[in-house]
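Asker: Sharing a structure here in structure tokens format.
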Amino acid sequence: MAPSSLLFSSTMIAGTLITLSSSNWLYLWMGMELNLLSFIPLMSSSSNLQETEASVKYFITQAIGSGLMLTAGVMSINPIVFNKMEYIIMIMFISSMMIKLGMTPYHQWLPHVMSCIPWKMCIILATWQKIGPMVMLMMIMPNNMSSLIMLLAVSSAMVGGLGGMNQSQLRSLLAYSSIGHMGWMLMTTQCSTNIFVTYFTVYIIITCSIMGLLMKSNMMKSKINSLMINNTSMFIMMMLIMFSLGGLPPLLGFFPKWMIINSLSIQNMMLTAMMLITGSLMNLFYYFNMAFNFMLTTPQQPTITGNKWYNIVVTTMATCSPLVLFF
């Protein structure tokens, strides 16, 4: 790793840690900005024009979200203004976090950015970069905004399912999958912190597993079908991880969703639970559709790297039963 990459990686991690350890919104904002300004150079470290374009798109989008959040924070300082405009200020704050997370209705930038950056940056963008905004939502979410939160969560889950059906590019498809999972995670703000931590942990494990395998296999486009011919066991591992990401029982990805559904049913939010399940079923549909296409299409020859123990460990972590989750 180059010294500059090591420096920016360290400050990126430090920015997220500042966000996690802060109780004041200004320090939370500063931590996220440090994280952002460290991640941008990592995205644009190569001379590839597509990656540079993606980093500019990402920077502009995040800058808009940061500006909106800072405006809402400054308005909340004055108690008179806050009492008169509390609802508007909270909508501004929630919108800023939706922009940063790439959630509906501000999701359009995420598939475009992820389709233009390498797998290593995709892993960071889909996992580490989600920590700060989600933690802020958990910490500052008011109780009187539950209807708006449910609407945003359900719409993100539905858009994540519908948007992925028209994708043939793997990274764009996984971006829509991430949008759907963000909807489920947003819904955990109405459940409990423990469910949020559990869901986010499982999401990170599965996402890192599938993108790590794709990176090891040098897969840049939707050519996973070639793995079935060259490495059948790895093809099966890939499909299992994808089904786990979609929440197919009894794989690992199903159990956090089951916990959310159980919590919502206790609160008599059955309609919300059914709409979230519908979005998840659409995710599973395009994963199954992808699997059948891979098996029926004439493959090309990718470059397979890595060793079998890496593949076995990754698949076990991403697909194993609730023993890993609860014990």
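Note that Cβ sites are derived from N, Cα and C of the backbone, with glycine treated the same way.
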Asker: Given 7-28, 29-50, which one carries TrEMBL's transmembrane segment label?
Answerer: 7-28
Asker: Between 7-28, 56-75, 148-165, who has the most Cβ pairs under 8 Å to the transmembrane segment (268-288)?
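Answerer: Ranking 7-28, 56-75, 148-165 by Cβ pairs under 8 Å to the transmembrane segment (268-288) puts 148-165 first.
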Asker: Which bits of the chain, at least 6 residues beyond where the transmembrane segment (56-75) starts or stops, bring a Cβ under 8 A of a Cβ in it?
Answerer: 25-26, 29, 32-33, 36, 39-40, 43-44, 81-82, 85, 89-90, 92-93, 95-97, 99-100, 106, 109, 112-113, 125
